[in-house]
Amino acid sequence: MDRGISRYCERRFKDKKCLKLHHLKPNLNKFIITFDGKTEIHVKVLTATSEIMVNAIELNLKSVEFTPEGGVATPATVTLCVEEETAILSFAAPIEPCLGKLFFSFSGELNENLKGFYRSKYTSPSGEARHGAVTQFQAIDARRCFPCWDEPAVKATFDISLCVPHDRVALSNMPVASEEVRGDERLLKFERTPVMSTYLVAVVVGEFDFVEDTTRDGVKVRVYTPVGKKEQGKFALQVATEVMPYYTDYFEVKYPLPKIDLIAIADFAAGAMENWGLVTYRELCLLVDPDNTTTDRKQKIALTVGHELAHQWFGNLVTMEWWTHLWLNEGYATFVESMCVNHMFPEYDIWTQFVTKSVVVGLQDDALKNSHAIEVPICHPSEIDEIFDEISYNKGASIIRMLHKFIGDEDFRKGMKLYLTKHEYANAETEDLWAALQHSSEKPVKEVMSTWTNKMGFPVITVSSKQIGNSRELTLSQKRFCASADMKDDPSMWMVPISLSTSADPTKASHNFVLSDPTQIVTIDNINDGDFVKVNPGTFGFYRTCYSIEMLDQLVPAITSKQLPPLDRLGILDDVFSMVQAGHMAPTEGLKLMSTYSECEDDYTVWKNMCSWITKLNSLFNYADECKKPFLAYARSVLRKISEKLGWDAIEKESHTDTLLRARIIESLVECEDEKTIKEAKTRYEAHRNGTKILPADLRLPVYRAVLTDADASIFQEMVEMYRSADLHEEQHRISFAMGYMKDPELLQKAIDFAMSDDVRKQDTVYVISFIAFSLEGINLAWAHLTKHWQTCLDKFGVMPCLRCIYLDYN
Ligand code: BES
Ligand code: ZN
């Protein structure tokens, strides 16, 4: 694999731990939105060279010099290579091996593209439009802010200084070390950072309020919010203050910085970014307004905070060697976010939800013929953005959970400590993590796990059974599972950690073994004829199970009696429908099973899964009109009992998951065109709109959806007005999401135009359009728009920010 620049660096600057001094001055004046900068890099030249290559793009390099220690400055001529995003410095005479300083002075535009060093627009309390300056460097955009070797393995310490207007907040990774007033500006010098990668450097300049606290081990935590909204930072503050010492204890590795700031940015492409000591968030992912934030959003915020703070160790202290190993960062943080949320909020039942949020999503995408392995060779930087996807995040997180179960928490923890301490302030690859966990557990971690990271896909375990006296003989076989076709010719084999449970104790795995052959026979002793055998209890394994009809029938009574735990009920349902989807089982089998659940099921996560299958089937019937009506009637009958149980209004002291369930079930009934539900929703909307009874936040999405589904132009316009005047980003997000369900093509087209207008921030346009693309009418319109206005879209947005968050938000 050619990694171009780092090869080049390694040859010449073997000592990667160089010091970088960056001075930046953003000009935030309304008319000149630029920045000036100076960078000094301390390097060690190992081999004589007359050329040095650095990363730089869209920077105006004004002067470049190299000064050997005790020597004379030598100016360089600079050749920019836009394609490679590099600048090649050529010196008149070769630089001999030495220690020296590379100096750059440069300027750039504070761009509008949400990457590099960019501007973010906000309204001051007096109503004036102003700009802040923000950085977003992951993966390869530090080079847009200063010349550097912009690769995760080229680590350095950073001394950042900023020159800012006197009345602005200015933040960076470290606390301020010194401050000097210069006319109406301030020069802030920040403390030196630990050795770190360029993609984690951050700077924010703007106007913010904050709330603060100190963790029990002395780390200062602040949550910065828009001016006047500091109350909205309190929930994240509480989470962060508790989660930081939780990780310190779990990993037994101290957080090495004196502070951690979390800040809500008005224009932000991703959901959140883990810059060391200065974590940036889109407002939706950080701010909680008690009257307007849903229970679901609060839960997501807790997970997001937990995710980014996990990166402070896993990613920031120990960084992947190269982007091929990105999944290590993202998969791991996606696993650990649930660990800390479970610790803080046991009532969220987050490990159950993990299965719909990560395992089901990972399995779904990885069942595609054109999936990819968790580890992807990255040759050109342009390929990096593509792998921030469900495979890296959710398959990654799911196989880590599978491994955690396989080796147990104690050995997992010991292994993590070993990994973090061995590679701290340095870089690591997947193999290094396996080595540490193998060492701590003395189990064949590397051998088992490499089958899950090196190739795409996962197996379906086909299982049948035969009762012989008081024993049961199970035949298990594996082959790659594909959602669209039989993978007959695919010879892939996995080492599959298999667990089994039986009627004797459905809550405990009675058998654990690793299936490595294509077929294996397992005997279960002392089991009665007719007792069930459940494969994959707890849905820890990243695979599908295809039971014989007889085995499935034996499981049904344990579903209705809820003798089987929720994750097993969910696993059976999701596996059966996946088999239906792939053509391995008749659709009627799936529907029969669903009816069984409808009578007795009361678990939120199981219902969430069931609702998502209703949505998938419903969208299939868009192509079979004659089936649509009967299917919707069937789906309404499935939802009837639970909806009657929950009603519309929250019951005092009800559980967190019942609140989530109510909103989900009402939304499904709206989707299934239930007249009574839609009528009630419209009545409640009217009362909300005229101010007689404000809708609780949890009910707003299903109600907006009901109102918008058959909206006319005036209701659409009303919603646009609500969007414009909404003070909370979450409310805007909700409105635009519901707009995606409008049926009238003319209104859908209007919604696309609205998405492209200045009413919608650039960061949200792509979401609004993709919500519209959820429906059959919408997808054609969105596609037509995109192809017709391709150039405008490219000019306005550059590369579209990835859409992963959508799945994160709604599934
Ligand atoms: N490191 C990512 C942010 C990121 C994503 C930067 C893509 C550049 C490109 C961060 O840790 C992350 O995963 N953010 C998530 C939210 C999180 C709760 C899963 C995101 O932005 O979707
Ligand atoms: Zn992440």
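Glycine is treated like the rest: Cβ placed from N, Cα and C.
In TrEMBL, annotation is done automatically, which means it is predicted and not curated.
Going by what TrEMBL states, the Zn(2+) site holds His307, His311, and the candidate of Glu321, Glu330 recorded there is Glu330. For the Zn(2+) site, the Cβ centre of His307, His311, Glu330 serves as reference, and the other residues of the chain with Cβ at most 8 Å from it are Glu274, Glu308, Ala310, Phe314, Gly315, Asn329, Tyr332, Ala333, Thr334, Glu337. For Glu308 (active site, proton acceptor), the same-chain residues lying six or more positions away in sequence with a CB closer than 8 A to its CB are Leu262, Ala272, Met273, Glu274, Val279, Tyr281, Ala333. Of the recorded residues, Glu330 (Zn(2+) binding site) and Tyr393 (site 'Transition state stabilizer') place their C-alpha atoms 5 Å from one another. For the binding-site residues His307, His311, counting C-beta atoms within 10 A of each C-beta gives the highest total at His307. Between the alpha carbons (Cα) of His311 (Zn(2+) binding site) and Tyr393 (site 'Transition state stabilizer') lies a span of roughly 13 Å. His307 (Zn(2+) binding site) and Tyr393 (site 'Transition state stabilizer') have their C-alpha atoms 11 Å apart, to the nearest angstrom. Other Cβ atoms within 10 Å of the Cβ of Glu330 (Zn(2+) binding site), summed over all protein chains shown, number 24. Packing around Tyr393 (site 'Transition state stabilizer') is summarised by its Cβ count: 28 other Cβ atoms lie within 10 angstroms of its Cβ, all protein chains included.
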